[in-house]
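Structure incoming, see below.
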């Protein structure tokens, strides 16, 4: 028991009549299918708990700032209050969205302390609390083969899913579901309530299942173990050291971006990377190419050959062909993830067009978070993780205006060029019908005009055509078109033609893994599929980690713009890496300086 992480021991020793009783009757009777939208309906209280856990927690500012200090320090987050559709401030294509609020203004919350606590999760030498929780269950209860099969299914789906807010939320929900499925009835142990008490956080889920991928077995280069003559490692464990260097880069970038929630205003977006970030991050960013080179599937291939991305693109084409021949009848549960995306992103910089549905979703989220925060107040007071103790104070509360930023990949609230750090369209890739629809939408935009009409100018007419012809839409009650309208043409343009993060995410998403497994209606085949995943223990990504190193460097430079010489060097090196992987994008300079 001495190895249990702070706060988790209590969370696995509660009785079934308390938090675990929020599961609906029969919730664990069905066969487990990872990333099944219908699972979200089995525990509304857990959904509310995770939605609350996705928010930054604010506390009243300590004292009143002196005038001299207030002139230099801004404790309020940079995200403009009031939602994405307000249209206030200088929301031009290249400028800040709104001026930062007065840190001493009445009613504002100080998000600095929570940002500092959240940053600590992404320290390279901090243990993974998801791994520690699993180890604690293993020591206390033992892990059955059935649990291993279900957990392996969840891990495989996370490797094939887009890195986005919806995926992180679903992974958090289903991790709790898998643990409670196997230990609630027999051991009276539940993880429901652990996020409310900060025993686990949404950042722990992000780090374990997506950022570091603690279960990944390919060392960051897909197919490495399948090579007939793998390159000899210079020393035992060299592959893990190389992967850890990438993890340091990614986690350092994430820490810096979280820090913008407390660093004050928009000045970080215009400051040089050398002055606006920690020296360790600056060094890591400058050395991103060396980090990527060791994890690049194209490194050392003088004769060319297929890259991870060309193989992924070919497999995507195969899936589209097969899926187009026999598209299944979508069940109403399919669109639960579309509604989840709307709930998570309404009123954030990911959505720039306002409307009744968006305002209703944002208000529903705020009401749910308020209620859940109050419902767990007593549990937080009795048992909270020590580093989050100050957030049990009566005046501490979620920052509802910022929204669920902790569930997003980049965890900052910046907006520029009518785009935000979280891409709405990347979230839609989690739905089979939308994965197909987005591919068809891009093809329609490209071939819309035979003349030299710009790609950007083709987007709105194509969306108009899609809206006018229900036969070409997914049978989702108009959700897809509504979400495209909410994102706006700039976000669509950025996703399809400009942003390396979006382009690489489309390569990472594996439709065969997400949608090509046996359904729950074929229990024997499904059980065999999960058993193969568990016994094979081959959890490989779809693209090499070199591209992820590029993503985190690029996204950090969008917020902390480097000096011109460093920027030019990065653009040249990043462009070369993308070309080696057959990824064609519009000007990286344009994307760096115009969007975020």
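These residue numbers are counts, starting from 1, taken along the chain as shown.
In case you wondered, yes, glycine gets a Cβ from its N, Cα and C as well.
Pulled from Swiss-Prot, these are the listed features:
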type	residues	note
REGION	76-106	region 'Disordered'
COMPBIAS	82-95	compositional bias 'Gly residues'
REGION	128-214	region 'Zinc finger 1'
BINDING	128, 131, 208, 214	Zn(2+) 1 binding site
REGION	308-581	region 'Zinc finger 3'
REGION	423-502	region 'Zinc finger 2'
BINDING	423, 426, 495, 502	Zn(2+) 2 binding site
Pick out which of the binding-site residues 128, 131, 214, 423 has the most other Cβ atoms within 10 Å of its own Cβ.
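Going through 128, 131, 214, 423 one by one, the largest Cβ count within 10 Å is at 423.
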So which other residues, same chain and not among 128, 131, 208, 214, have a Cβ within 8 Å of the centroid of the Cβ atoms at the Zn(2+) 1 site?
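Here the nearby residues are 129, 130, 132, 134, 204, 207, 212, 215.
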List the residues in the vicinity of the Zn(2+) 2 site, defined as same-chain residues other than 423, 426, 495, 502 with C-beta within 8 angstroms of the site's C-beta centre.
424, 425, 491, 494, 499, 501, 505, 506
Given the binding-site residues 128, 131, 208, 214, state which is nearest to residue 423 (Zn(2+) 2 binding site) when distance is taken between Cα atoms.
208
Taking helix as H, G and I and strand as E and B in DSSP, count the residues of the region 'Zinc finger 1' (128-214) in helix, strand and coil.
62 helix, 0 strand, 25 coil
Tell me, how many other CB atoms lie within 10 A of the CB of residue 208 (Zn(2+) 1 binding site), whichever protein chain they belong to?
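Other Cβ atoms found within 10 Å: 23.
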Cβ neighbours within 10 Å, counted over all protein chains: which one of the binding-site residues 426, 502 has the most?
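Its Cβ has the most other Cβ atoms within 10 Å: 426.
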Restricting attention to the region 'Zinc finger 1' (128-214), give the mean pLDDT.
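Mean per-residue confidence for the region 'Zinc finger 1' (128-214): 98 out of 100.
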Just to be sure I understand the packing, how many Cβ atoms besides its own are within 10 Å of the Cβ of residue 495 (Zn(2+) 2 binding site)?
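So the number of other Cβ atoms within 10 Å of residue 495 (Zn(2+) 2 binding site) is 25.
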What does the DSSP secondary structure composition of the region 'Zinc finger 2' (423-502) look like, as residue counts for helix, strand and coil?
59 helix, 0 strand, 21 coil
Between the Cα atoms of residue 128 (Zn(2+) 1 binding site) and residue 426 (Zn(2+) 2 binding site), what distance do you get, rounded to the nearest Å?
26
